[in-house]
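Database features (Swiss-Prot):
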type     : residues : note
BINDING  : 144, 147 : Cu(+) 2 binding site
BINDING  : 877, 881 : Mg(2+) binding site
COMPBIAS : 11-21    : compositional bias 'Polar residues'
DOMAIN   : 56-122   : domain 'HMA 1'
DOMAIN   : 133-199  : domain 'HMA 2'
DOMAIN   : 207-273  : domain 'HMA 3'
């Protein structure tokens, strides 16, 4: 089934206590860094006794943002609305999140606030956990970090909104909100009130379906379809767009399923209507394409009108006939002046209307953005030219006009924005490739009585339900996560796990949606669909990272907040400085243009300063790089959960490894068994296996597998494990009771009403079990050879010892050496005994070892290393590693590990390969280097270009930068930054053969 855009890491919002508010802030993986202050505000309100449980949160698409100043503008506009508690804006995603009190402010008011700020807004989507929904919205018009901050600020302060994140790179906003307090329309309105375009992309509501309907040819067809929907049981409400054929249906899932709903519509329409479930990515892609197309149309329109201006200004004066026509006086002006005025007016106020609208809304909201600079620069050129014409008509003194500067400036800015939209689209290529892994359709097998297959039909993959039996042809993609029920084949899982070798699949083998069936036909039963599917969760993690803000983004946000006022101030100084210089004779009149004045000469410098300055490049420097890097990481099997984690990893000083399952393969095998009692070997193994059958620890599974093989000479499963449930039902194991797993020690339970202990020395000591010297010597010999000695005591007496070996991963030693070459110090922290730990550490080349450490103690080790400000990474795979993963600055969970470990980590290594630890750190370093280069370019561009535009070098070079050329430079600067980030797509992960060439950075 096609993946959802959401992960399942959100918790319900119940409100009422500070702890609850704190929890919901902590689990919000998409929260940007400035959520903290808002959380404090809410906590303060709780302490004051004010109820915040009724707050609502909306997510809106904001159109019109072009730079960081825009997002700051939208955010400020929303924060100024009474009743808005929190707002956040993502510039690249054109998205805003708002938290507000519906008793004080309505969604329409928030939308109007964004529109009043000069942007268009539209509700995007909503998602439901238990008490909240999460909606995703497109936000059009964002161009820089200021736009993002503005939209985010508005959305976060909306009552009922729990979390809001807006991303510039994808023009998306995500809002988690209480649907009882605020709805999606209110969120869209908030975005539009901020001056951006917003629309709903998708919802995680289980009772909502968006369909594309083919077959609506006229009004009668639409009425027939509406009649069918009205009669269908379970349909609560629907909305049909008769022009686009898009149908949105809200239904009761307890009455009718989504597939039954689609089947019912098609059957009642007697085949006239064909319905297809619309993927949220499809809807989003169409919006992105539409925005780029709209920008292209604007550019072409402006270009078509600018070309005649160029001919009138440059070519025609050299052609006698045309020159005569242009200087022919028609009323108070010459024909050429009339033509230029008319053409430029269309460009200025029709094609360039968007700049005025966005600038006005931003200014009205007390903020500034790139649109303000463009509107100011073009208006100065246009209205000066109009004034010069009117002044000439009245006085007879004709000054030069600069209509062409205004027109060409708008044309070049539109070209730059079009190129920028294309470049930004490239940053999401990795996400698009992940989405395309899911097939559009699936073959559903229908069953008759007794489970006999009676037929098959093709259905939309988005309509697959858990329990469906599906047929997968050779070469086809697996349509959903599930289990093979018939057939055998090899499946290529490289696109999901990064593992290049095809994996054998037989009956009861799990399969992952989006992977490719290589050879034989398979029948599978779907188990996980929608947001539960592996591919969906991968996409959700990538999307989460792309929506988040890296801490380094704070710099761009600060600069964006002061950028435009500083530029306007510099432009005024330029105008005044050159004007005064001319008045006092500081420069010769020969510098002036023909028929020009000192004011005109100064004005051109001032306009160039205004239009050459570019806040967009700064706003795009970080989010575009983060977006590309997270996508590249996903394609290489490294899932990064956020910009914060991506940034922290570049300065990792220590990497802490767990031993079992991390440095080792996690495929423990029993190599030695020695009985120190009157029991025979079979009795002993049955006793130990019975005790360990209830444990999920790798060592326990190894013991059970060994005992089974001893009794039945059976082969274990492919991964060295056996099915404990089957073992318990097989009859050869003894009944147990009072089972307890003791982390860091072992297990204990009752067998035949007698206590059995299986574990290490600590467990024996705590239970007063004496270990004779000859047994201790035997255990020490095992440990010194790198094996784990498991001691067994029964009914108060030691009865035997088992030696278990867990082979090291083949790449472990090389990865450790690679980390040392990178300037990173590896440390092994394990709950195993010191002798085994030292033996394993020596084999892989780790000098710093911490053994016999309890799970909570691992977190203490990390905190001790963090005391001097060092950045610590933790690599683990088990539940007992989750406290350490959470305590580390950068937690890395092995993908084959437990869900708890993956949940606590910042990175997920899908391949279960330690080589990806180096990839994660190396990718982080490359990304931060690229971000710094982007900032250097963006800052250097403004630092160098503004003085040039102001004429600082004019006395030496005698070259004045025309306003249109300044506008072209400005437009191309942001495109250059995006293209710089796109270079990260060429990233190649370090290979085992080259990893040792990595040097310290």
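Even glycines carry a Cβ here, placed using N, Cα and C.
Among the binding-site residues 877, 881, the residue whose Cβ has the fewest other Cβ atoms within 10 Å is 877. DSSP assigns residue 147 (Cu(+) 2 binding site) to a helical segment in the three-state reduction. Take the CB of residue 147 (Cu(+) 2 binding site) and look out to 10 A: across all protein chains shown you find 49 other CB atoms. A distance of 40 Å separates the Cα atom of residue 877 (Mg(2+) binding site) from that of residue 147 (Cu(+) 2 binding site). Summarised by DSSP class, the composition of the domain 'HMA 1' (56-122) is 22 helix, 24 strand, 21 coil.
Sorting each residue of the domain 'HMA 2' (133-199) by its DSSP state yields 22 helix, 25 strand, 20 coil.
Taken through DSSP, the domain 'HMA 3' (207-273) splits into 24 helix, 20 strand, 23 coil.
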